[in-house]
Amino acid sequence: MEMKTLAQERSKAEFDVEAMKVVWAGGEASLRLNQRMAELVANDPEFQKDSRVMQTRSELLKDTFRKAAHAWELINKLHFTEEEARCLRKHIDQPSYADLHWGVFIPAIKGQATDAQQKKWLPLAYSQAIIGCYAQTELGHGSNVQRLETTATFEPSTDGFIVNTPTIAATKWWPGGLGKVSTHAIVHARLLTNGKDYGIHAFIVQIRSLEDHQPLPGITVADIGTKFGSRAYNSVDNGLLRFNNVHIPRENMLMRLATVTKEGKYVHSNVPTQLAYGAMVNVRKSIVMDASYSLARAVTIAVRYSAVRRQFGVQDGQPEMQSRLFPLLATAYAYRFLGQWMSSLYSDTMACFENNDFSTLPEVHACTAGLKSIATSTTADGIEECRKLCGGHGYLTSSGLPDLFAVYVPSCTYEGDNVILLLQVARYLMKTLKFLGSGKEPSGTAAYLSNVTELVSKNCEVAKESDWISPKTLRYAFEARSARLALKCATQIAAASTQDEGFSEASCELLGASRAHCELIIVTRFMGALEREIPGRGVKNQLQILCNIYALSLVTTRAGDFLMTGYLSPEQVELAKSQLRDLFKKVRHNAVSLVDAFDYTDFYLGSSLGRYDGNVYESLYNEALKDPTNASAVTEGYTEFIRPILKQQLGTSMSRL
């Protein structure tokens, strides 16, 4: 029955699924690369993952090390490019130290080291003659980088730095790959020379012997222990690190932006410090792209199971497709186009930086901070919503959803706490409004604020349901909401005794204004992606439906914002809800095919509920029987603890233990 159901759902598709796969992948070449790596991993017994849920933490780490070694062997044997290697690691679907080595350690050297330093360190890192991690966060200091306590004091007599951990709070804590694997770390520490503190700088510190892997003298390093989830990030050796007066050569300071001479003099280089922000934009772009992939994965599982499931309120045996899934499906597509736009933003930003044009930096910093915050929070909530929409079965590890949530949810904290990031957006918005009319006109994603006078005075003109699917109407509605919320905050802050006090008192409202600004960006970028030609039968039409669902789901869920600012009337909100219900009907028969377009293999999904063939219940049954507790019909502990209860002999039995 299940297999027939999904086949029937696919037969209703009103668009070319193969063409949509190309759109989602970002091009034909990217699609073929993903398919090739997915097939390679799924067919290699070294990468099987069926037994992961049954492994102890130590077994899981060893299994991860084995897979990383096998992947490295394949990368070298098959002469993979960096892009191919990155795609391979993604499809292995098991977080490891290699993710941090390639994704953070090497990019940090590229971004912060001089040409001479790169010539020394990059060949070692590329060949994995050394394995590195990124040691910034401390036990007592996470997002507040400027308060880090680890010190690197220059010592002229040895022409080097003495790295030290002065307090427990200064212990490096959380770096992935640090606990058991890394031989080197990029350590962020306070640079002290000639009695002066020059703030936080980066240093390459060797932490383990390249001969026997033992920690070097003065180094304390360990794994920080089991983390949230049964598997999830427990396959990564997040670590702690302490230094007891560890000497490193002066040249181990990453000196692209500043140097220290043999005499201990601190010298700024001629490289603009703003260039360091380029790496931040790139990281945040990758995080948003990952959000689209992870949400799409959860939605795939929930949509397929929803098409198979028969529980309540179904008629004539029809699938139980829940409309709560459709905004999540639309959001996954929205974030995919957002990630593609952020890739272009990164390229444009770096081109400006290379020409010493840093005028866009404040706006780019603010919008990428906010988009990281919104995308990760929404995705984490969306994965959990998908789990709940799968009923009790979604709570099983074999559904694939608990571990997906556990792997994803740290993204709400790393690379910037989401609330703090939204407050950074708020400061940018307040500053932008403050300088309106002074010649500093807002640009980029904040350009709409130059029209703030009209946006706060002109209300919505929607008179019927169909008015709501006009791109112009939707764009203006989101601009008006954002402008009005921001202006209200600016007025509240201006009335306070001090700006800082006003900012603190209005923090809740500022978060709302920042969220509105970011959601405006996402909506307009989705719309912008649809302005170009998109080949494939019905593909563009389906994407337009999804875009409208995304925008109107925000209008209805954030109705309080639109009503409170006076832009919408209650009647207009009801029209939006009615139009949204109509859009749900249009996407309903395409939902299974729309998740098929994500092109996730059964191996990658790792879900009994999300199987392509829909054979859900047999899969759940078979997975249950594989559990180690079912190795014998009579459970371990029966004789000692259960039989005495049944035989009313508990006291006698326990006395013998």
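Backbone N, Cα and C atoms are what each Cβ position is placed from, and that goes for glycine too.
Per TrEMBL, the features are:
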type	residues	note
DOMAIN	16-131	domain 'Acyl-coenzyme A oxidase N-terminal'
DOMAIN	133-245	domain 'Acyl-CoA oxidase/dehydrogenase middle'
BINDING	THR137, GLY176	FAD binding site
DOMAIN	277-430	domain 'Acyl-CoA oxidase C-alpha1'
ACT_SITE	GLU415	active site, proton acceptor
DOMAIN	471-647	domain 'Acyl-CoA oxidase C-terminal'
Nonlocal residues around the residue listed as 'active site, proton acceptor', in sequence order (Cβ under 8 Å, 6 or more apart):
VAL283, ARG284, ILE287, LYS372
Secondary structure content of the domain 'Acyl-CoA oxidase/dehydrogenase middle' (133-245), with strand meaning DSSP E or B:
10 helix, 50 strand, 53 coil
GLY176 (FAD binding site): tally of other CB atoms within 10 A of its CB:
26
Cβ-Cβ distance under 8 Å to THR137 (FAD binding site), same chain, at least six residues away:
LYS172, TRP173, TRP174, PRO175
Overall pLDDT of the domain 'Acyl-coenzyme A oxidase N-terminal' (16-131), taken as the mean:
96
